[in-house]
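What follows is a set of notes on a single structure, which appears directly below.
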Amino acid sequence: MSKTILTGIKPTGLIHLGNYIGAIKPALELAKIEGYKAAYFVADYHGLTKIHNAEEFRHLSYGIAATWLALGLDPEKLTFYRQSDVPEIFELNWILSCFTSKGLMNRAHAYKAIVDSNKKLEKDIDFGVNMGLFNYPILMAADILMFKTEVVPVGKDQVQHVEITRDIAESFNNIYGETFLLPEYKIQAETAVLPGLDGRKMSKSYHNTIPLFEEPKKLQKLINKIITDSLPPEAPKDPDTSPIFMLYKEFASNTEVEKMKEQYLQGIGWGDAKKELFNVMNSFIEEPREKYHELMSSPDKIDTILREGAEKARAISSPFLKEIKRKIGFNV
Ligand code: ADP
Ligand code: TRP
């Protein structure tokens, strides 16, 4: 029997290199492995916790879908859908919330971070927190448990959410017997956290991102902004601690990487290192960037693909939800 691997991305901003390297690229590679059955989706209702402008929400949701497709996701080979097209997930969300202690949600990192910041600013602890944000991990548990997921490829910051999912699944299983599978997370150790322009984690929240499908000129400008140390060009440099090398590695061939490593050790100017980075990155991105823009100009095509994906997903979620409802005492 093949294992289900599942992951989602919420439409709260343009896909950046951190998302690509930390989430999309490894997920696409995993989907190719024999014995894995992949389900990838646009976590649009998770995005609604933050984006409250209809036009922006629509644009960002299509953007996530177009990004996956442009990067080679094959909707024939895996299940690719929009979370909001699978209503069973939201019914399960409510069910699971009745088996989740509030204390567990109080400890979820995104909520806790806001509370801590509010405390520092001497505001009400829940200032700026909507219930969607507070319940966020429960909806994520529903996403995962609905499809008997075994492996969840995510970035480091999502590990806690997968652990919470396991806790919720256990609470339910303890009462009604084995129902939900306990998922494992899978993070890419080497690139678990890709640094942004300022050296901190690349993240929309820090405004330090390089959007994946940036136009060449802007891409070059952003790469030039990456912070470096002040070593002179001829000084040997450590490739392992350089964010520029870290990015280079992701887009260059093995021989190019080995060559570049040598150049670092012998001494390369940061200007040249950045130029090389731009070259490999831009030539990798060229084709998917074009495909991305093509898809974005025909959202109907995206809708059709996602709707077909949702049908496949519902063929699994609908009977499983019935089984769950029977266990808790519904006559369905
Ligand atoms: P952001 O931090 O920009 O808001 P998200 O939280 O929407 O990004 O992340 C979407 C996916 O991309 C998650 O799986 C997350 O762990 C991964 N990810 C985000 N930023 C990085 C990064 N800098 N390095 C590695 N993975 C990342
Ligand atoms: N919370 C994830 C993020 O911010 C997105 C997400 C929603 C997700 N549901 C999921 C990831 C289920 C993996 C599995 O990146």
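Every residue, even glycine, has its Cβ placed from backbone N, Cα and C.
What you are looking at is a predicted structure, and each value in this text was computed from that prediction instead of being measured.
These features come from TrEMBL:
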BINDING   Lys10, Pro11, Thr12, Gly18, Asn19, Gly155, Lys156, Asp157, Leu194, Lys201, Met202, Ser203, Lys204, Ser205  ATP binding site
MOTIF     11-19  motif ''HIGH' region'
BINDING   Asp143  L-tryptophan binding site
MOTIF     201-205  motif ''KMSKS' region'
DSSP-derived helix, strand and coil totals, residue by residue, for the motif ''KMSKS' region' (201-205): 2 helix, 1 strand, 2 coil
What is the separation, in Å, between the Cα atoms of Thr12 (ATP binding site) and Asp143 (L-tryptophan binding site)? 18
In the same chain, residues at least 6 away from the ends of the motif ''KMSKS' region' (201-205) whose Cβ sits under 8 Å of its Cβ atoms read 12-13, 16-18, 193-195
Using Cβ atoms only, which residues of the same chain lie under 8 Å from Lys204 (ATP binding site) while being at least 6 residues apart in sequence? Thr12, Gly13, His16
Suppose we screen the binding-site residues Lys10, Thr12, Asn19, Asp143, Lys204 by Cβ distance to ligand 2 with a cut-off under 6 Å; which survive, in sequence order? Lys10, Asp143
Given the binding-site residues Lys10, Lys156, and counting only Cβ atoms in the protein chains shown, which has the most within 10 Å of its Cβ? Lys10
Got a sec? Which of Asn19, Asp143, Leu194, Lys204, the binding-site residues, have CB under 6 Å of any ligand 1 atom? Asn19, Leu194, Lys204
Secondary structure content, the motif ''HIGH' region' (11-19) (per DSSP, counts of residues): 3 helix, 1 strand, 5 coil
Between the C-alpha atoms of Leu194 (ATP binding site) and Asp143 (L-tryptophan binding site), the distance in angstrom, to the nearest integer, is 26
In sequence order, which same-chain residues at least six apart have a C-beta under 8 angstroms from Asn19 (ATP binding site)? Ile9, Leu212
Asp143 (L-tryptophan binding site) and Lys10 (ATP binding site), Cα-Cα, nearest whole angstrom: 12
Between the Cα atoms of Met202 (ATP binding site) and Asp143 (L-tryptophan binding site), what distance do you get, rounded to the nearest Å? 25
CB within-chain contacts under 8 A for the residue listed as 'L-tryptophan binding site', separation at least 6: Leu6, Gly8, Phe41, Ala43, Gln83, Ile89
